[in-house]
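Below you'll find the structure, written out as structure tokens, and then a few comments.
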Amino acid sequence: MGASSSSALARLGLPARPWPRWLGVAALGLAAVALGTVAWRRAWPRRRRRLQQVGTVAKLWIYPVKSCKGVPVSEAECTAMGLRSGNLRDRFWLVIKEDGHMVTARQEPRLVLISIIYENNCLIFRAPDMDQLVLPSKQPSSNKLHNCRIFGLDIKGRDCGNEAAKWFTNFLKTEAYRLVQFETNMKGRTSRKLLPTLDQNFQVAYPDYCPLLIMTDASLVDLNTRMEKKMKMENFRPNIVVTGCDAFEEDTWDELLIGSVEVKKVMACPRCILTTVDPDTGVIDRKQPLDTLKSYRLCDPSERELYKLSPLFGIYYSVEKIGSLRVGDPVYRMV
């Protein structure tokens, strides 16, 4: 029955005749087919993509405190904000000055001497000539909330207490410092503010730029053939180290599948003076390996606005699909 007939019956106070039942079923069926077709078309590009193995996961590292030693793990959960093992999160803790500005090994090279063990839901900090510091992995909500500053952007941090502040201050011996922790209910620093020229959308806590840094052991071997003093992977602080590929093959990787995790390239990693800090002594060199890297790893002139004169070593990734990964997992390039 047409719309005019239905409205006429309504004016007479009579009920409108119902649509035939078969017509409603048919309409629902057509809608389901249409939605299924749309979903299939959207999924089709992913389904038809080929997986090409490019290497194998050799190492996984979580760096709980920015600029302190990394914690090697055999497996990890990969969240949108980076690697996680239990309550141990990548760069969820940060040393700050009293005014909230971040402190890294660029200013305090001896931070790289602080090691961290995760045990019984606690972080155990150890450093040369210091008693160990034991902190719970979650701070009381009654602790002060700090306004922190990282590369010109604001972010919150929960104070980790006076004992932690005293421990870091006594070890570094320069000025008063405090330790803060990022909480998952806090707002991270967004990629749109960190990297406004790039078209990606993610958040990070206290990393420099991105949730993940991937490197290959072959690229480090290549660098060391040019170096008088050999560098360690710890100089470069990657989250995922890949073996079984050629040097700098990672420059060509866009989207990767590792375990059940899918990641997408954001940019190459522009290297800074932090790489010149010896991870074993905490002494800053200020020249190597930067000078050597600059001799053959500068960006194309067309990318100078993004990278300036920083040499490129390693690749930053965002997390497209969360999941888990482990040492020994094949690394697939999605092509």
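Think of each number as a place in line: the chain as shown, counted from 1.
Positions of Cβ are set from backbone N, Cα and C atoms, glycine also.
Record features, source Swiss-Prot:
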type	residues	note
CROSSLNK	K59	ubiquitin cross-link
CROSSLNK	K138	ubiquitin cross-link
CROSSLNK	K144	ubiquitin cross-link
CROSSLNK	K156	ubiquitin cross-link
CROSSLNK	K166	ubiquitin cross-link
CROSSLNK	K173	ubiquitin cross-link
CROSSLNK	K187	ubiquitin cross-link
CROSSLNK	K287	ubiquitin cross-link
CROSSLNK	K294	ubiquitin cross-link
DOMAIN	188-334	domain 'MOSC'
MOD_RES	K156	N6-acetyllysine
TRANSIT	1-35	transit peptide
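Features as recorded by Swiss-Prot, highlighted on the structure.
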| residue | record | DSSP class |
| --- | --- | --- |
| K59 | ubiquitin cross-link | strand |
| K138 | ubiquitin cross-link | coil |
| K144 | ubiquitin cross-link | coil |
| K156 | ubiquitin cross-link | strand |
| K166 | ubiquitin cross-link | helix |
| K173 | ubiquitin cross-link | coil |
| K187 | ubiquitin cross-link | coil |
| K287 | ubiquitin cross-link | coil |
| K294 | ubiquitin cross-link | helix |
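Of the recorded sites K138, K156, K287, K156 has the largest number of other Cβ atoms within 10 Å of its own Cβ. Looking at K173, K187, the recorded sites in this record, the fewest other C-beta atoms within 10 angstroms of the C-beta turn up around K173. The closest partner of K287 (ubiquitin cross-link) among the recorded sites, by CA position, is K173; the full candidate set was K59, K144, K156, K166, K173. Within 10 Å of K156 (ubiquitin cross-link), judged by CA to CA distance, lie the following recorded sites from the set K59, K138, K166, K173, K187, K294: K187. Packing around K144 (ubiquitin cross-link) is summarised by its Cβ count: 12 other Cβ atoms lie within 10 angstroms of its Cβ, all protein chains included.
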